[in-house]
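J.: My questions will all concern the structure given below.
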Amino acid sequence: MRLNDGRSFSCRSDQTVLHAALAAGIDMPYECASGSCGSCRCRLSHGSVSLLWPEAPGLSARDRQKGDRILACQSTPSSDLEINVRAGDALLEPPPRRHAARVTVKETLCASVIRLVLNVGGPIHFLPGQFFILDLPGAGRRAYSVANLENAAGGIELLIKRKIGGAGTAALFDQCAPGMGLVIEGPYGRAYLRADSARGIVAVAGGSGLAPMLSILRGALARGFGGPMDLYFGVNTAEELFCVPELSALQAAGARVHLALRDGGPGPAGLHRQAGLIGDALVAGEPDLKAKDLYVAGPAPMTDDILARTVRQEAIPADRVFFDRFV
């Protein structure tokens, strides 16, 4: 496989172009790695590919009409390929790998969220805030963020919210059980903890977006970060709150935890709560965001609202905002 800048790398017929490029240390652009965002869109100048998800929304109708646009995360090679893409010089994150994993824990946290713990049987490497892709038989590939830190024991903790009508979450909620084997691929993700930054940390999570924010704050604490850390966690109702013991532990370790309950219901004792949208809570609680690093994860409407309020309206530098839009 050859890029327009002359670099080349190997890609198996069962491997996506994105996975192969990253595994080869090539910094190919991407965001969701699951076909929805379009960030890994590139032009196929020679060769042919097979598509894992032919209807992936990351390609627009105009892209499809052109006939030579592909999503690197959804394309496996059927021949030698030449691809036109603007790739960076060197990959800064751990390269993705495929792992055989086994479910060790499945725990219901609230009516719509489960905790799933997988184990790959050996050391697992990822940066705080990254995610893995799960191959789900009959449901395709789904991306889920990790809540814990890399470790020698091979454990991966996922917080998964049921998506109404979603085949992936249906498989995990209704069919998955301890002892079940799964194939996972990763790590992926660019919204990881910038460990070399001395700026304060503001983490914003909507729903299961709490998983990567837990990982980021745990990672900062593990590195001895002594600056200010604030976590804003938004849900619709008090019944949708989860991981309250983990939130309390973060607060005890020095982070400030802010809960935003859209319906204004009561919150758990010991944690600051306010009614309304998480974006309102963020703007009210952070008058000096320009001096901090902002991490955001959650549903696309929430993420887009936060970006509009911060990058566009408040002119916060884009290179200090790291987001994972769940689509």
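Glycine is no exception: its Cβ is also placed from the backbone N, Cα and C atoms.
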J.: Given that Swiss-Prot assigns Cys32, Cys37, Cys40 to the [2Fe-2S] cluster site, pick the one from Cys11, Cys73 that the record assigns to that site as well.
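T.: Answer per Swiss-Prot: Cys73.
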J.: For the binding-site residues Cys37, Cys40, which one has the sparsest Cβ surroundings, going by other Cβ atoms within 10 Å?
T.: Cys37
J.: Minimum Cβ neighbour count within 10 Å among the binding-site residues Cys32, Cys73: which residue?
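T.: Fewest other Cβ atoms within 10 Å, among the binding-site residues Cys32, Cys73, is found for Cys32.
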J.: Using the centroid of the Cβ atoms of Cys32, Cys37, Cys40, Cys73 as reference, list every other same-chain residue with Cβ within 8 Å of it (recorded [2Fe-2S] cluster site), in sequence order.
T.: Leu18, Tyr30, Glu31, Ala33, Ser34, Gly35, Ser36, Gly38, Ser39, Gly58, Leu71, Ala72
